[in-house]
Amino acid sequence: MTIQWFPGHMAKARRQVTEKLKLVDIIFELVDARLPLSSRNPMIDEIINQKPRLVILNKEDMADPQMTKEWIRYFKEQGVEAVSVNSQAGNGLDKMVKAAEGILQEKFDRMRARGMKPRAMRAMIVGIPNVGKSTLINRIAKKNIAKTGNMPGVTKAQQWIKTAKNLELLDTPGILWPKFEDPETGYKLALTGAIKDSILNLQDVAIWGLRYLEDKYSSRLEERYGFKELPDDMAHVFHQIGERRGAISTGGEVDYDKVTDIIIRDVRSGQFGRLTFDITPEKA
Ligand code: GDP
């Protein structure tokens, strides 16, 4: 991931999405199911204006299933349809198409009533980097049209990917920026790999992660690192993890950088199980 967001980039990203809005019936707003709020673009409502929208919680395989349910309920309460999918495995895509059909039913009924020829729904995927936009497009297309990875600035002629499922998708997603309003959001984005590792101090990110695990998933923390509750002295925690995992230098000193890497890798690779880092506002 190489994106650094500056005002110029944001304006351009916004313009690109705005230009394509008129081409589509519906926006697929892709978010990371582990961060249904923090991985949303802060200006999404303003950018997509009144366009119908389906929120898609991707990477459901990595998120806490109970929390995913709560988030979907939360979005529905806000009047926004939401579904969860696993783009990598292709799970949930039928549900996604059905939800879009439901949202657009009235519009398409009206079109039919006016004698217009039936056509497929047209959609565009938007989301911040790394939420899985390319993966989802590839899954829907069932062939490698969209390149996985972020390629800001690479433009090409717009193409529609036609699917068997009554859906046409713009082949290039709208890439939006994440919000960095508060440190917590930054830590969450860093911990899940949504932003470059060089943006924040990774040791702070790891410590934030440990504290979050202590708060919400303490038995998993205990199982893996031996702490149910974390002492105030984080050096002690790092030392114990370092010893358990052999991150000790020859002089017997704990290697803090290695321990930091271990913690972050453990979170990202699912060693603590399926985790969600955003709590629905009513539960926070
Ligand atoms: P984009 O920047 O939004 O286009 O994101 P990509 O499609 O490049 O995906 C970013 C990373 O997330 C890649 O390593 C994908 O393999 C991974 N990924 C995408 N969707 C899923 C998913 O549903 N589950 C899991 N576990 N990983 C996913």
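Just so you know, glycine gets a Cβ as well, placed from its N, Cα and C.
Note: TrEMBL annotation is automatic and uncurated.
Record check, TrEMBL: GTP site residues include Asn58, Lys59, Glu60, Asp61, Asn86, Ser87, Asn130, Val131, Gly132, Lys133, Ser134, Thr135, and the candidate from Gly79, Gly102, Gly115, Gly174 also listed there is Gly174. The most densely surrounded of the binding-site residues Asn58, Asn130, judged by C-beta neighbours within 10 angstroms, is Asn58.
DSSP assigns Gly132 (GTP binding site) to coil, not to a helix or a strand. Mapped onto three states, the DSSP output places Glu60 (GTP binding site) in helix. Taking Asn58, Asn86, Gly132, Gly174 as the candidate binding-site residues, the subset whose CB lies under 6 angstroms from any atom of ligand 1 consists of Asn58, Asn86, Gly132.
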